[in-house]
Amino acid sequence: MADSMQLAGIVLAGGESRRMGRDKATLPGPRGAATLLEYVVGVLIQRCDPIFVMAAPGQPLPEVTARIIRDEIRGQGPLPATGRGLRAAAEAGARYAFVCAVDMPLLSPELIDDLVHLATETNAEVVLPWDGRSHYLASLYRTDLAERIDRLVAGGARSMRALIDASDAQQIVLPESRFLANVNTEADLRALAQARA
């Protein structure tokens, strides 16, 4: 566990993957991982316990060392899934959770360490990396934000930006932003494969 903080991990894997045209969770993973989901969970296991995977109803997933939580309704966006994950993490005793997307093939435990360090210093509700833009789905969230998310969702909000705007959020500028790379298209996937070759 990072800095002895009770830290859960939440992987958002239930997105529609419209630009990719197929489920990102089952795309080939880097560094020997069979799939992206297995890779991301493997990174989180190094710093987080427990780990929750937020998935779409009926979405086929590979076997991973994580608890799978299915969305009740498909296509609601990341905010409701994050809220459900934070609630599960709070019930498991975690004060913070690292929330990330499944499509992060360069994710590293060092990113989590940097976020935990700032959270420990500031007690912020949200700590998010910034590299010219904010990365909501590679951030640390306090688990007690689940109720605030419920209120935002009840009011019609679906974007993570709504939560950030309603929270005490701290940003950290990362010297190495490649850990934040994600894959949204087949071209992104090919570029990643070429970079690894």
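Cβ coordinates come from backbone N, Cα and C, glycine included.
Annotation source Swiss-Prot lists GTP binding site at L12, A13, G14, K24, D71, D103, citing sequence analysis.
Cβ-based neighbour count (10 Å, all protein chains) for D103 (GTP binding site) stands at 24. The feature Mg(2+) binding site is assigned by Swiss-Prot to D103, with sequence analysis given as support.
Taking each Cβ in turn and tallying the other Cβ atoms within 10 Å, the top scorer among the binding-site residues L12, A13 is A13. The local packing around D71 (GTP binding site), expressed as other Cβ atoms within 10 Å of its Cβ over all shown chains, amounts to 20.
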